[in-house]
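> Per TrEMBL, the feature repeat 'ANK' maps to 104-136, 138-170, 171-203, 204-236, 237-269, 270-302, 303-323. Taken from TrEMBL, the feature domain 'Fructose-1-6-bisphosphatase class I N-terminal' covers 418-545. Under the heading domain 'Fructose-1-6-bisphosphatase class 1 C-terminal', TrEMBL lists 590-714.
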Amino acid sequence: MLSGEALTSIPVEELHDVRALKQCLNQLHGLPPRFRQRVFLRGELLEDTTKLDSPMDLDLVVLAFADVSQSDVDDLILHAEEGIMAEVESKLQLPLNPDSLNSSGFTALQMASGCGHVEIVKLLVEAGAAKDVREIFFRRTELMLASSNGHVEVVRLLMEAGADKDVRDDSGRTALMLASSDGLVEVGRLLMEAGADKDVRDDSGYTALMQASSNGHVEVVRLLMEAGADKDVRDNRGYTALVLASSNGHVEVVRLLVEAGADMDVNNELGTTALILASSKCHVEVVRLLLEAGADKDEEDDDGRTALMLASSRGHVEVARLLGGGSSNGHVEAVRLVAESTSPLGWDQRGPQEVQKLVLDVECQQSPVAQSCKSPSTCRRTLFGAARNMAGYPTIIPRGDEPITSASDSVSVSQFPTLTRYVMAKTHDNELAILLMALQLACKATSRACNKAGIAMLFGLAGEVNSTGDDQKKLDVLSNEIFIDALTNCGACSILVSEENEEPIFVPQDKAGRFVVAFDPLDGSSNIDCNVSTGTIFAVYEKTSDKYGAATELVITFKGHGVHRFTLDPSLGEFVHIQAHIKMPEGGGKKIYSCNEGNSRNWDAAIKSIVAKWKDSDKPYAARYVGSMVSDVHRTILYGGIYLYPADAKSAQGKLRVLYEGFPMAFIMEQAGGSASCGLFKGKLQRLLDIVPTSIHEKCPVVIGCNRDVEAVLNEYKALGLA
């Protein structure tokens with residue numbers, strides 16, 4: 001109450017209803033937003049829609065924020081997220097503080113901004129919501145959330161309301177960086193027109209231009225360049241926008257940067273240039289463009305490798321051909337690739353005469369190796385050997401030691417039935433061919449090691465065990481290292497799975513390809529001591545995704561908000577909400593039990609008994625066990641039944657980790673209306689979520705599913721007097 005004093009006098013014709021009056025008092029006279037104002041006429045409360053069509057004396061009351069429950073706050077933010085205007089208005093009228101945080105630490109304006117609900121954002125801004133609050137996960141503000149999701153009108157609204165356009169998240173990124181990284185041109189344009197800093201760097205040293213260039217967003221790059229963004233600034237590793245674009249094969253971005261005068265020969269911390277990276281990754285058109293623009297093809301990285309050496313070592317024939325003209329070393333590598341392949345550059349099209357001509361055209365007099373040659377054939381062999389050594393990685397194309405004997409000889413795959421020629425002739429998949437050549441190289445090196453095992457003292461044990469618990473032989477270790485080195489550096493593999501390593505080996509991103517190789521590098525190595533045969537086993541799989549299955553789903557729950565199901569839409573690259581408030585089927589759902597019965601002989605009496613009852617009843621339970629906890633629990637939530645991984649005689653503490661397997665699944669199950677228990681654990685029956693772990697990898701038994709079946713397990717323990 002304003003103590004009865006006169007506040008102001010406003011002409012009636014300037015207002016049309018009570019809402020307009022409240023907004024006027026807020027905007028022109030500094031009063032709190034309309035949601036905290038109450039207007040009375042002779043003691044009667046006037047609604048916001050009441051018309052003001054004649055002069056009158058009104059009383060105004062200003063309210064403090066209401067003391068509301070967390071449930072009310074959660075409802076406000078949920079309605080803001082879902083875009084339900086009337087419900088948001090209703091909560092604000094309590095009046096509820098618009099900056100209140102829900103149980104997950106988000107404000108209503110953050111959720112509305114991230115979801116692009118323009119009218120809700122307007123409403124919350126009118127309510128005085130703070131515009132630069134950071135969310136708890138990535139420390140991003142409302143403007144960042146709107147920018148990263150491409151909500152142009154929300155971005156415009158927030159900036160008009162005074163949002164800070166240059167505030168940074170926990171990685172040092174600004175709204176402009178986030179928009180640039182995702183190629184959001186109009187958002188970027190708005191931010192730059194408002195004066196957003198174009199050259200600020202994040203914690204990795206990236207600028208907005210680097211973000212856009214690395215991801216191939218041509219129009220954003222053009223926009224930033226036109227606005228004067230620094231094209232040669234370096235990140236923490238020495239990469240520039242041009243180096244990033246070249247490394248990722250973004251031709252049009254490279255063209256824009258080159259035309260703008262970007263430095264083509266700048267080195268990163270490893271001494272690599274844009275041309276070296278593009279060549280090593282077989283980005284043919286980028287290499288062509290850089291060469292035409294005058295990039296230095298003889299520049300070396302810190303290991304002394306040129307673009308040509310890296311392209312040659314990885315079998316990138318077309319790139320090697322582009323780079324080959326010029327220096328004698330370049331000719332040597334290009335000739336080697338031509339001579340040993342059956343690609344369009346190779347024997348079938350050019351024939352032996354042209355290959356001989358290419359060899360003899362090498363500038364022998366300029367090569368220190370060639371100066372000692374006595375004949376063209378000797379020159380050829382020596383130069384090929386030099387080319388191998390120059391690459392810095394054993395060549396994956398084997399060289400022939402015998403010269404071509406006659407210019408009239410015809411050469412075909414059938415006359416030279418080598419694995420190299422067979423692979424090159426039978427597959428048009430260059431990356432697969434390169435991978436197979438790397439495997440061939442590893443097999444040759446392993447064979448050589450086995451042949452010299454006695455001389456090199458490689459018999460006996462290495463003093464270690466492999467992933468399956470077998471004693472490792474010295475040759476096992478050496479062979480494993482050979483395969484890992486060859487496959488890691490060939491540029492065609494992303495993941496390696498070896499019998500000798502407990503965990504998969506992930507190939508660094510700059511060397512990764514699209515294949516997964518599983519291998520036993522030396523099967524039967526113990527036979528070498530007694531001169532019995534050994535072998536190598538390998539399988540090649542094409543990695544289609546980082547996830548498994550025909551669809552990728554995400555199930556998430558926040559306490560008190562139920563379980564929600566999302567599926568990844570490949571066309572959008574976003575998880576789409578497909579099912580809200582998932583509940584276990586009524587009555588327990590289908591009669592399904594899911595457990596590893598291979599361990600049944602080690603189970604305790606209660607688990608053995610209840611599983612036997614499920615199997616032997618008039619309507620027996622169906623057994624469904626995938627072996628992936630995520631899959632088995634997901635099915636249990638959707639269809640009902642129970643999932644068990646009980647303690648047993650061999651694993652009294654259970655097998656599953658409490659913190660990152662037991663707790664998450666138990667929490668989701670209970671939120672969906674199911675039960676989660678440990679069964680009998682440490683002498684008593686207990687709820688899984690009541691465990692207090694004492695170490696990060698602590699284990700526990702797991703019995704989770706519908707109430708019907710979990711209760712049946714617990715009752716079985718009681719009936720047998722075990723608990």
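In case you wondered, yes, glycine gets a Cβ from its N, Cα and C as well.
In TrEMBL, annotation is done automatically, which means it is predicted and not curated.
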> Do any residues of this chain, six or more beyond the ends of the repeat 'ANK' (237-269), have a C-beta under 8 angstroms from a C-beta of it, and if so which?
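Residues packing against the repeat 'ANK' (237-269) from afar: 205, 207, 209-210, 212-218, 221-222, 225, 231, 275, 277-278, 281, 283, 285-286, 289-290, 293-296, 299, 301, 510.
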> Would you kindly list the residues that approach the repeat 'ANK' (204-236) from elsewhere in its chain, counting only those six or more residues past its ends and only Cβ-Cβ distances under 8 Å?
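Long-range Cβ neighbours of the repeat 'ANK' (204-236): 171-174, 176-177, 179-185, 188-189, 192, 198, 242, 244-245, 248, 250, 252-253, 256-257, 260-263, 266, 268.
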> Per DSSP, what is the residue count of the repeat 'ANK' (303-323) in each of helix, strand and coil?
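Across the repeat 'ANK' (303-323), the residues distribute as 14 helix, 0 strand, 7 coil.
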> Write out how many residues of the repeat 'ANK' (171-203) are helix, how many strand and how many coil, based on DSSP.
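Counting residues per DSSP class in the repeat 'ANK' (171-203), I get 16 helix, 0 strand, 17 coil.
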